[in-house]
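Asker: This is the structure, below, for whatever I ask next.
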Amino acid sequence: MSVFRDLVEGECSEPNALGNFVQHFTNERSYHDKFEDHGKNEFYDSLYRHEEEYNEQRHLDSIFDGEGQEDDIHLMMDRHLNLRDGPREHKELPLSNVESDLQFLFQDFINSTRAGQLFHPSSLNHLPLTFEDKSKIKNRSSIMLKHFSNGESEQFEEDQLNRMLDSLGIEVGDDFDQVWDSQPHHTTTTTTTTTTTTTGQYDQYQKYVNDLPEEYEDYEQHQQELFDDGDLEDYELDEEWDKGDDFHPYDSAWTESDRSVEAAWDETARRTISDITRPITQINDPKLKKSNFMKFMNQLNSGEASIVGSDVVHNPDFKRQEEYQQQADQWTEDYNDFHEHIPQHRIQEYQFSIQEARDSDTLERGMGLFNEGHLSDSIIALESEVKRNPENAMAWMYLGIAHAENDQDSQATTCLIKSLQIDPTNSKARLALAVSHTNDYQKERALDTLEEWLQRTPEYTALYKQFKGSVDPNSFLDTWSRHEFTTNLFIEAARSRPSNPDPEVQTALGLLYNMSYDYDKAVDCFKAALQNSPTDYQLWNKLGATLANSNRSQEALGAYFKALEHKPSYVRARSNLGISYLSLNMFQESATTFLGAIAIHPAPNIWDNLKMVFRLMNREDLVQKADLRDVNAFLDEFQFM
């Protein structure tokens, strides 16, 4: 079933490890959603586009128009692995999420096209794309599809393109040339100025649109000649395309996503060091301010020093490089000390939803509400508990888990870090933190946390030290090399228990393989974990989401049913189940499932999913009813209670 079977037994698979479990079921999510969530959003269209804050529009325009491209767009590639499922509650969407979502959307589009698999994007139709943005995306998508498709059918290419456009709220049938002609004035907003498009700009834009087919034909002919000569690699083809074409940062999203992963991470480090170091230099901690580490961060931020490859290079106008080299050990020590201070700094950022603790809201009440699926109420109760008892590590952990299930991973991360600060031995909290880091696009931190989990687990401490000892501490690993190292580390941990798999190790491996899109291997790992944790509802949901992300929605149904069997109030599994039904064109079942989820937790994104199903059913009357946000209004037609 999976190439992972070729590895030694006991890694992520063993005899009878739930191998064909889905055949027993006849019923039944960030980046690409949270890996716990179903990759469902190819169905979203422009009906649900939401207007963002004015500043976000300006920021997005600056990305497309070339301003600020040195600021943070490349940092986002390191910070945002798009594994989300469903439209975010983007009311407070950080500006930095916009370009990262586009980056990974383009990368997933290319990767899935190359693999000959249908695209499963997250919905980004809430982004405030301008008319020109949409036109460029549509044309560029068509070209890149032709470039990377490996002889797939026309139907596949059409479906693939439609899924890409739907995810951004771009109507497939839009005639941009005609619409443009009908608009006498076209205004482009940037971060610094607002200008009206001139006739010359229009002519240039019109020429760009009209010339694309011919340009692409010439490009493809030239490309074939180079291929025949055997002189051109994939990345060189993109460079040929880029010649003579002044790409905006949008276009760089295409080219960045098609370079080698290692080069992309190196470019990220090179171009965004100022953004990485600036917030560190602003930490108001007297001990850190006097440290050599903070001095080094200030030098990187000011340009006194820079990172080239794996070396630190200093400006010759400043102190000699040899002097700084002698301080390397001290910097390392200061950096470790910095990590000890970071948790307290982050916990100060936690945003409480209550002002005062309520006596009736205890840990027990919060846990009860959580188990019943009342996430918002459970969060309030758990906040009361940690306000009364700020050293209650268990309360902080469950508050973090509740936030994670409520799709609030930044808040979850803060709570879980606080829990681990109080009790570093809590392996459940550390593994949950790794998941939230992944969901919040913090890949490096997810890898750090997974390695910390292994290091702090007595059974694997010796293995961890042995592995770390084999790596040159002065060597530089880009993120994907680091990912490979961490994966191999957990593979060895899994091999140490061939006949009795550790479900936590297998879960970590499933997470790592989801990061690298190795869904078959991830499926094997989750199945092996379930053999020893058959009642873990979150694990069943992870399995279902991974199956769905690998275009196996029919199999995913069974996994979601098992998750709900063990926790009927698990809203995320209900939502994912509704999406799987939708993927299979089972609209009645999908609507019923979404209504059941809303009855437990009326999240706006689930209402949006429901309205989309009603539109696919051609039931505008139900769409209007859904706008009232009254779930009881559907009891006469749907049995969901």
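Just so you know, glycine gets a Cβ as well, placed from its N, Cα and C.
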Asker: Write down the single range among 12-34, 150-172, 219-241 that appears in Swiss-Prot as region 'Amphipathic helix 1 (AH1)'.
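Answerer: Feature region 'Amphipathic helix 1 (AH1)' in Swiss-Prot: residues 12-34.
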Asker: Which stretch, out of 331-335, 381-385, 451-455, 506-510, is listed as motif 'WxxxF/Y motif' by Swiss-Prot?
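Answerer: Checking Swiss-Prot against the ranges 331-335, 381-385, 451-455, 506-510, the motif 'WxxxF/Y motif' one is 331-335.
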Asker: Pick from 55-73, 74-92, 359-377: which range does Swiss-Prot record as region 'Amphipathic helix 2 (AH2)'?
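Answerer: Going through 55-73, 74-92, 359-377 one by one, Swiss-Prot flags 74-92 as region 'Amphipathic helix 2 (AH2)'.
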Asker: Which range, 261-288, 289-316, 457-484, 541-568, does Swiss-Prot list as region 'Amphipathic helix 4 (AH4)'?
Answerer: 261-288
Asker: Do you know the mean pLDDT across the repeat 'TPR 6' (571-604)?
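Answerer: Value for the repeat 'TPR 6' (571-604), mean pLDDT as a whole number: 93.
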Asker: Please list, for the repeat 'TPR 5' (538-570), how many residues fall into helix, strand and coil according to DSSP.
Answerer: 26 helix, 0 strand, 7 coil
Asker: For a three-state summary based on DSSP, what are the helix, strand and coil counts in the repeat 'TPR 4' (503-536)?
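Answerer: Grouping H, G, I as helix and E, B as strand yields 27 helix, 0 strand, 7 coil.
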